[in-house]
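What Swiss-Prot records for this protein:
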type	residues	note
ACT_SITE	Cys130	active site, nucleophile
BINDING	Ser21, Lys45, Gly46, Asn99, Asn127, Lys165, Ile191, Gly217, Gly243, Gly244, Gly265, Thr266	FMN binding site
BINDING	Lys45, Asn69, Ala70, Val71, Gly72, Leu73, Asn127, Asn192, Thr193	substrate binding site
Amino acid sequence: MADLSVNIGELQMKNPVMTASGTFGYGEEFSDFIDIARIGGIIVKGTTLHKREGNPYPRMAETPSGMLNAVGLQNKGVDYFVEQIYPRIKDIQTNMIVNVSGSAIEDYVKTAEIINELDKIPAIELNISCPNVKQGGMAFGVSAKGASEVVKAVRAAYKKTLIVKLSPNVTDITEIARAAEESGADSVSLINTLLGMAIDAERKRPILSTVTGGMSGAAVKPIALRMVWQVAKAVNIPVIGLGGIMNWKDAVEFMLAGASAIQIGTANFIDPAVTIKVEDGINNYLERHGCKSVKEIIGALEV
(Lines of atoms letter the chains of each structure in order from A; the text may use other names.)
(Lines give C-alpha, C1' and ligand atoms only; values in the text may rest on other atoms or scores of the structure.)
Protein backbone atom coordinates (compact mmCIF):
# COMPACT_ATOMS: atom_id res chain seq x y z
CA MET A 1 0.00 0.00 0.00
CA ALA A 2 1.24 3.49 -0.86
CA ASP A 3 1.88 6.15 1.78
CA LEU A 4 -1.29 8.27 1.75
CA SER A 5 -0.30 10.66 4.56
CA VAL A 6 -0.31 14.41 3.94
CA ASN A 7 0.23 17.51 6.07
CA ILE A 8 -1.93 20.61 6.07
CA GLY A 9 0.11 23.11 8.04
CA GLU A 10 0.86 21.30 11.30
CA LEU A 11 -2.17 19.07 10.80
CA GLN A 12 -1.07 15.52 10.06
CA MET A 13 -3.57 13.43 8.12
CA LYS A 14 -3.44 9.67 7.51
CA ASN A 15 -4.80 10.25 3.99
CA PRO A 16 -5.97 13.22 1.88
CA VAL A 17 -9.70 12.40 2.02
CA MET A 18 -11.85 14.81 4.02
CA THR A 19 -15.57 15.44 4.30
CA ALA A 20 -17.03 18.83 3.42
CA SER A 21 -18.85 20.79 6.09
CA GLY A 22 -22.61 20.36 6.12
CA THR A 23 -22.58 17.03 4.27
CA PHE A 24 -21.42 14.65 6.99
CA GLY A 25 -23.09 15.94 10.15
CA TYR A 26 -20.74 15.52 13.09
CA GLY A 27 -19.33 12.27 11.71
CA GLU A 28 -21.04 10.02 14.22
CA GLU A 29 -24.14 9.83 12.02
CA PHE A 30 -22.16 7.81 9.46
CA SER A 31 -20.53 5.40 11.92
CA ASP A 32 -23.14 2.69 11.26
CA PHE A 33 -22.18 2.64 7.58
CA ILE A 34 -18.39 2.98 7.54
CA ASP A 35 -15.32 3.05 9.75
CA ILE A 36 -15.13 6.84 10.03
CA ALA A 37 -11.66 6.58 11.59
CA ARG A 38 -10.38 5.73 8.10
CA ILE A 39 -11.19 9.24 6.87
CA GLY A 40 -8.31 11.74 6.86
CA GLY A 41 -10.38 14.54 8.34
CA ILE A 42 -14.02 15.22 9.16
CA ILE A 43 -15.18 18.82 8.91
CA VAL A 44 -18.31 19.15 11.01
CA LYS A 45 -21.27 21.30 10.07
CA GLY A 46 -20.99 25.08 10.24
CA THR A 47 -20.85 26.45 13.79
CA THR A 48 -21.70 30.01 14.79
CA LEU A 49 -21.35 31.97 18.03
CA HIS A 50 -25.09 31.89 18.68
CA LYS A 51 -27.89 29.53 17.69
CA ARG A 52 -29.26 29.93 14.17
CA GLU A 53 -32.62 28.65 12.97
CA GLY A 54 -31.61 28.63 9.31
CA ASN A 55 -33.77 29.63 6.36
CA PRO A 56 -37.45 28.74 5.88
CA TYR A 57 -38.38 25.65 3.86
CA PRO A 58 -38.02 24.73 1.05
CA ARG A 59 -34.27 25.19 1.25
CA MET A 60 -32.94 22.37 -0.92
CA ALA A 61 -33.55 21.59 -4.58
CA GLU A 62 -32.24 18.89 -6.88
CA THR A 63 -30.67 19.97 -10.16
CA PRO A 64 -29.75 17.83 -13.21
CA SER A 65 -26.14 17.33 -12.06
CA GLY A 66 -26.13 18.42 -8.46
CA MET A 67 -28.15 20.28 -5.89
CA LEU A 68 -28.96 23.73 -4.54
CA ASN A 69 -29.04 24.43 -0.84
CA ALA A 70 -30.04 27.42 1.23
CA VAL A 71 -30.00 25.83 4.68
CA GLY A 72 -28.69 29.05 6.21
CA LEU A 73 -26.12 27.62 8.65
CA GLN A 74 -28.72 26.12 10.98
CA ASN A 75 -26.96 25.07 14.19
CA LYS A 76 -27.33 25.37 17.96
CA GLY A 77 -24.30 27.57 18.51
CA VAL A 78 -20.76 27.01 19.74
CA ASP A 79 -21.69 26.58 23.42
CA TYR A 80 -24.01 23.70 22.51
CA PHE A 81 -21.23 22.21 20.40
CA VAL A 82 -18.78 22.37 23.30
CA GLU A 83 -21.20 20.97 25.87
CA GLN A 84 -23.17 18.40 23.87
CA ILE A 85 -21.35 17.47 20.65
CA TYR A 86 -17.66 17.66 21.53
CA PRO A 87 -17.84 15.04 24.33
CA ARG A 88 -19.37 12.58 21.84
CA ILE A 89 -16.89 13.11 19.00
CA LYS A 90 -13.61 13.96 20.73
CA ASP A 91 -12.43 10.35 20.81
CA ILE A 92 -13.10 9.60 17.13
CA GLN A 93 -9.71 8.49 15.80
CA THR A 94 -9.33 11.05 13.05
CA ASN A 95 -8.95 14.81 12.69
CA MET A 96 -12.19 16.48 13.77
CA ILE A 97 -12.28 19.99 12.30
CA VAL A 98 -14.88 22.67 13.02
CA ASN A 99 -16.23 24.92 10.27
CA VAL A 100 -16.66 28.40 11.75
CA SER A 101 -19.07 31.00 10.40
CA GLY A 102 -20.14 34.46 11.56
CA SER A 103 -21.98 37.68 10.76
CA ALA A 104 -19.26 39.98 12.12
CA ILE A 105 -15.52 39.69 12.67
CA GLU A 106 -15.95 39.57 16.44
CA ASP A 107 -18.31 36.59 16.04
CA TYR A 108 -15.62 34.65 14.18
CA VAL A 109 -13.00 35.60 16.76
CA LYS A 110 -15.07 34.62 19.81
CA THR A 111 -16.07 31.30 18.25
CA ALA A 112 -12.46 30.54 17.31
CA GLU A 113 -11.26 31.40 20.82
CA ILE A 114 -13.74 28.95 22.33
CA ILE A 115 -12.79 26.15 19.94
CA ASN A 116 -9.09 26.85 20.50
CA GLU A 117 -9.52 25.49 24.03
CA LEU A 118 -10.74 22.08 22.83
CA ASP A 119 -7.75 19.70 22.92
CA LYS A 120 -9.14 17.20 20.40
CA ILE A 121 -9.99 19.78 17.72
CA PRO A 122 -6.70 20.39 15.85
CA ALA A 123 -8.00 22.82 13.23
CA ILE A 124 -10.82 25.08 12.13
CA GLU A 125 -12.09 25.91 8.67
CA LEU A 126 -13.13 29.53 8.33
CA ASN A 127 -16.18 30.05 6.13
CA ILE A 128 -15.65 33.55 4.74
CA SER A 129 -18.59 33.30 2.34
CA CYS A 130 -20.89 34.64 5.08
CA PRO A 131 -22.45 38.10 4.66
CA ASN A 132 -20.90 40.85 6.80
CA VAL A 133 -23.94 42.47 8.42
CA LYS A 134 -21.89 45.54 9.34
CA GLN A 135 -20.90 46.12 5.72
CA GLY A 136 -24.32 45.98 4.08
CA GLY A 137 -24.39 42.19 3.80
CA MET A 138 -21.48 41.81 1.40
CA ALA A 139 -19.69 38.51 2.01
CA PHE A 140 -16.30 38.73 3.74
CA GLY A 141 -14.69 36.56 1.11
CA VAL A 142 -15.56 38.48 -2.05
CA SER A 143 -12.80 41.07 -1.61
CA ALA A 144 -9.15 40.75 -0.64
CA LYS A 145 -9.65 43.44 2.01
CA GLY A 146 -12.64 41.71 3.58
CA ALA A 147 -10.91 38.33 3.58
CA SER A 148 -7.73 39.79 5.02
CA GLU A 149 -9.54 41.53 7.89
CA VAL A 150 -11.36 38.45 9.14
CA VAL A 151 -8.42 36.07 8.67
CA LYS A 152 -6.00 38.41 10.50
CA ALA A 153 -8.40 38.78 13.41
CA VAL A 154 -8.96 35.05 13.76
CA ARG A 155 -5.26 34.26 13.31
CA ALA A 156 -4.47 36.46 16.31
CA ALA A 157 -6.94 34.52 18.45
CA TYR A 158 -6.53 30.97 17.14
CA LYS A 159 -3.28 29.06 17.66
CA LYS A 160 -3.85 25.81 15.75
CA THR A 161 -4.19 25.01 12.05
CA LEU A 162 -6.31 27.63 10.27
CA ILE A 163 -7.96 26.65 6.98
CA VAL A 164 -9.79 29.37 5.05
CA LYS A 165 -12.64 28.29 2.77
CA LEU A 166 -12.87 30.44 -0.35
CA SER A 167 -15.93 31.56 -2.28
CA PRO A 168 -15.96 31.01 -6.06
CA ASN A 169 -18.34 33.94 -6.51
CA VAL A 170 -15.50 36.38 -7.15
CA THR A 171 -13.67 37.97 -10.07
CA ASP A 172 -10.22 36.57 -9.23
CA ILE A 173 -10.01 33.84 -6.61
CA THR A 174 -6.20 33.91 -6.58
CA GLU A 175 -6.31 37.45 -5.19
CA ILE A 176 -8.45 36.28 -2.27
CA ALA A 177 -6.23 33.22 -1.71
CA ARG A 178 -3.10 35.37 -1.55
CA ALA A 179 -4.80 37.73 0.90
CA ALA A 180 -5.70 34.78 3.14
CA GLU A 181 -2.13 33.47 2.99
CA GLU A 182 -0.61 36.86 3.77
CA SER A 183 -3.01 37.24 6.71
CA GLY A 184 -1.92 34.00 8.36
CA ALA A 185 -3.93 31.15 6.86
CA ASP A 186 -2.19 27.77 7.03
CA SER A 187 -4.26 26.44 4.12
CA VAL A 188 -7.10 27.40 1.79
CA SER A 189 -9.98 25.15 0.79
CA LEU A 190 -11.97 25.73 -2.38
CA ILE A 191 -14.49 25.99 -3.77
CA ASN A 192 -17.50 26.78 -1.65
CA THR A 193 -20.83 26.61 -3.50
CA LEU A 194 -21.62 28.65 -6.60
CA LEU A 195 -24.65 30.93 -6.46
CA GLY A 196 -27.55 29.48 -8.43
CA MET A 197 -31.33 29.27 -8.54
CA ALA A 198 -34.19 27.02 -9.59
CA ILE A 199 -37.66 27.96 -10.83
CA ASP A 200 -40.98 26.11 -10.78
CA ALA A 201 -42.32 27.02 -14.22
CA GLU A 202 -45.91 25.95 -13.49
CA ARG A 203 -46.15 28.03 -10.34
CA LYS A 204 -43.96 30.80 -11.76
CA ARG A 205 -42.18 30.82 -8.43
CA PRO A 206 -38.63 30.13 -7.24
CA ILE A 207 -38.22 26.68 -5.72
CA LEU A 208 -36.08 27.89 -2.81
CA SER A 209 -37.59 30.16 -0.17
CA THR A 210 -34.51 32.38 -0.48
CA VAL A 211 -34.79 32.46 -4.31
CA THR A 212 -31.06 31.73 -4.73
CA GLY A 213 -28.87 29.09 -3.11
CA GLY A 214 -25.53 27.34 -3.22
CA MET A 215 -24.91 25.01 -6.16
CA SER A 216 -22.85 21.87 -5.55
CA GLY A 217 -22.33 18.46 -7.12
CA ALA A 218 -20.84 17.11 -10.34
CA ALA A 219 -21.83 20.16 -12.41
CA VAL A 220 -19.41 22.48 -10.58
CA LYS A 221 -16.34 20.23 -10.90
CA PRO A 222 -14.74 21.82 -14.01
CA ILE A 223 -14.99 25.26 -12.40
CA ALA A 224 -13.62 24.01 -9.09
CA LEU A 225 -10.78 22.17 -10.82
CA ARG A 226 -9.76 25.28 -12.73
CA MET A 227 -9.81 27.43 -9.59
CA VAL A 228 -7.79 24.90 -7.57
CA TRP A 229 -5.18 24.79 -10.34
CA GLN A 230 -4.96 28.60 -10.41
CA VAL A 231 -4.76 28.97 -6.64
CA ALA A 232 -2.19 26.19 -6.21
CA LYS A 233 0.13 28.12 -8.52
CA ALA A 234 -0.52 31.41 -6.71
CA VAL A 235 0.12 30.48 -3.06
CA ASN A 236 2.75 28.61 -1.07
CA ILE A 237 0.39 27.07 1.48
CA PRO A 238 -1.43 23.74 1.00
CA VAL A 239 -4.61 23.83 -1.05
CA ILE A 240 -7.60 21.62 -0.24
CA GLY A 241 -9.75 20.94 -3.30
CA LEU A 242 -13.49 20.42 -3.33
CA GLY A 243 -16.41 20.89 -5.66
CA GLY A 244 -18.08 18.07 -7.54
CA ILE A 245 -15.82 15.24 -6.37
CA MET A 246 -17.96 12.14 -6.83
CA ASN A 247 -15.34 9.36 -7.06
CA TRP A 248 -11.63 8.54 -6.75
CA LYS A 249 -10.85 9.71 -10.28
CA ASP A 250 -12.22 13.17 -9.52
CA ALA A 251 -10.10 13.26 -6.36
CA VAL A 252 -6.93 12.32 -8.27
CA GLU A 253 -7.62 15.06 -10.83
CA PHE A 254 -7.81 17.68 -8.06
CA MET A 255 -4.53 16.47 -6.60
CA LEU A 256 -2.83 16.54 -9.99
CA ALA A 257 -4.06 20.14 -10.28
CA GLY A 258 -2.26 20.98 -7.04
CA ALA A 259 -4.52 20.03 -4.13
CA SER A 260 -2.75 18.46 -1.15
CA ALA A 261 -6.05 17.07 0.11
CA ILE A 262 -9.65 16.91 -1.07
CA GLN A 263 -13.11 17.19 0.43
CA ILE A 264 -16.16 15.17 -0.53
CA GLY A 265 -19.54 16.86 -0.11
CA THR A 266 -22.65 16.19 -2.16
CA ALA A 267 -21.55 12.62 -2.94
CA ASN A 268 -22.01 11.75 0.75
CA PHE A 269 -25.77 12.13 0.28
CA ILE A 270 -25.70 9.61 -2.56
CA ASP A 271 -23.32 7.02 -1.10
CA PRO A 272 -22.45 7.05 2.63
CA ALA A 273 -19.35 4.95 1.87
CA VAL A 274 -17.95 7.20 -0.87
CA THR A 275 -15.07 8.49 1.29
CA ILE A 276 -13.72 4.97 1.82
CA LYS A 277 -14.13 4.11 -1.85
CA VAL A 278 -12.23 7.27 -2.83
CA GLU A 279 -9.40 6.45 -0.41
CA ASP A 280 -9.12 2.93 -1.84
CA GLY A 281 -9.29 4.28 -5.38
CA ILE A 282 -6.46 6.76 -4.77
CA ASN A 283 -4.30 3.98 -3.34
CA ASN A 284 -5.00 1.74 -6.34
CA TYR A 285 -4.13 4.59 -8.71
CA LEU A 286 -0.82 5.20 -6.94
CA GLU A 287 0.12 1.52 -7.05
CA ARG A 288 -0.84 1.29 -10.72
CA HIS A 289 1.41 4.27 -11.52
CA GLY A 290 4.32 3.06 -9.40
CA CYS A 291 4.02 5.84 -6.81
CA LYS A 292 5.18 5.15 -3.26
CA SER A 293 3.55 8.26 -1.82
CA VAL A 294 0.48 10.33 -2.61
CA LYS A 295 2.71 13.41 -2.41
CA GLU A 296 4.17 12.38 -5.78
CA ILE A 297 0.96 13.32 -7.59
CA ILE A 298 0.29 16.67 -5.88
CA GLY A 299 0.66 19.29 -8.61
CA ALA A 300 2.00 16.71 -11.06
CA LEU A 301 -0.18 17.95 -13.92
CA GLU A 302 1.90 18.30 -17.09
CA VAL A 303 0.89 21.44 -18.98
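Using the three backbone atoms N, Cα and C, a Cβ is placed for every residue, glycine included.
The residue listed as 'active site, nucleophile' and Ser21 (FMN binding site) are 14 Å apart (CA-CA, integer value).
Annotated pair Gly46 (FMN binding site) and Ala70 (substrate binding site), C-alpha to C-alpha distance, rounded: 13 Å. Sequence-distant contacts (6 or more apart, same chain, Cβ under 8 Å) of Thr193 (substrate binding site) comprise Asn69, Ser129, Pro168, Gly213, Gly214, Met215, Ser216, Val220. Taking Cβ-Cβ distances under 8 Å and a sequence gap of 6 or more within the same chain, the neighbours of Gly243 (FMN binding site) are Pro168, Leu190, Ile191, Ser216, Val220, Lys221, Ile223, Ala224, Leu225, Met227, Val228, Gly265. When Cβ atoms from all protein chains are considered, those within 10 Å of the residue listed as 'active site, nucleophile' total 23, not counting its own. A count of other CB atoms within 10 A of each Cβ picks out Ile191 as the most crowded of the binding-site residues Ala70, Ile191. Counting only the Cα atoms, the space from Cys130 (active site, nucleophile) to Gly72 (substrate binding site) is about 10 angstrom.
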